[in-house]
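TrEMBL has this to say about the protein:
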REPEAT    6-93  repeat 'Solcar'
REPEAT    101-207  repeat 'Solcar'
REPEAT    216-305  repeat 'Solcar'
TRANSMEM  285-308  transmembrane segment
Amino acid sequence: MADKQISLPAKLINGGVAGLIGVTCVFPIDLAKTRLQNQQNGSRLYTSMSDCLIKTIRSEGYFGMYRGAAVNLTLVTPEKAIKLAANDFFRHHFSKDGQKLTLLKEMLAGCGAGTCQVIVTTPMEMLKIQLQDAGRIAAQRKLMPEAVSSGPAAPVEMKSPTAMQLTRDLLRSKGIAGLYKGLGATLLRDVPFSIIYFPLFANLNNLGRRGSEGNAPFYVSFASGCIAGSTAAVAVNPVDVIKTRLQSLTRGSQEDTYSGVTDCIRKILQREGPSAFLKGAYCRALVIAPLFGIAQVIYFLGVGEYLLDLLPKRKD
């Protein structure tokens with residue numbers, strides 16, 4: 001984050017606006033990532049990101065690429081707001097008399113931010129993954145009918161599910177824990193991501209600062225956010241594959257089911273090899289880089305402060 005002091009409401013608005021803009025721009029790539037990560041040997045429908053997007057448009061139409069976007073657009077505002085505001089909070093808490101944070105304290109601040117955000121991230125990803133992967137399952141039913149069976153855990157049968165249907169069925173069958181399936185894997189992904197991203201961004205951004213007291217230009221903040229985001233995204237992609245597999249409720253009859261993180265790692269290594277942990281890595285980098293680049297530009301431009309200034313001031 002930039003060093004300038006920003007009020008908490010402005011931080012929340014900045015995070016929310018950045019999330020909304022970023023998700024709208026890159027959601028189709030995120031859908032391709034989910035489908036590529038979920039397909040297993042013997043039931044492969046897509047060979048690459050472009051192949052996935054082309055087949056999605058042909059079978060589901062243009063808006064098929066935005067399947068599950070409503071969940072993301074609804075929950076990305078609190079998620080990104082919590083993540084960015086929490087990092088600022090912990091950085092401010094760890095700093096003494098405005099002195100530069102050590103790398104360890106920057107990493108601890110990122111750790112705190114990643115831990116806080118999973119409150120929203122886990123149920124958001126849980127619902128989003130079911131909606132995104134529904135098209136892949138439907139395509140398997142059509143092209144390989146013997147390869148797909150909806151197990152007892154699948155909340156919706158033949159019809160495409162909606163977020164509300166998924167939420168109701170999960171709450172009815174498993175309670176609030178149903179929405180937090182894969183919480184451990186989400187923590188294993190988001191905490192290391194934040195530990196890598198925030199210190200890397202801060203140090204890259206400092207390289208472009210104008211003098212010892214000046215702020216970096218917006219294009220430096222954007223580039224720093226993109227580089228740090230894509231680096232962190234690729235670094236934690238193996239855990240993202242595990243999280244996606246664990247949170248998927250409907251899968252093919254020839255596709256493995258998993259009892260937990262360790263079981264998932266073992267089965268992927270045995271049946272698909274180590275390279276399976278890199279599935280969707282370039283998609284994830286293409287998603288995360290602009291998301292966090294945009295976030296840093298929103299912070300730099302002070303959109304939150306501007307919107308707050310537009311609100312009528314209360315007279316005492």
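Every residue gets a Cβ built from N, Cα and C, even glycine.
Same-chain residues lying 6+ beyond the ends of the transmembrane segment (285-308) with a Cβ under 8 Å from its Cβ atoms: 1-2, 6-7, 9-15, 17-19, 21-23, 25-26, 29-30, 33, 49, 80, 84, 197, 201, 205, 215-216, 218, 221-230, 232-234. The repeat 'Solcar' (216-305): residue composition by secondary structure is 69 helix, 2 strand, 19 coil, according to DSSP. Per-residue pLDDT, averaged across the repeat 'Solcar' (101-207), gives 84.
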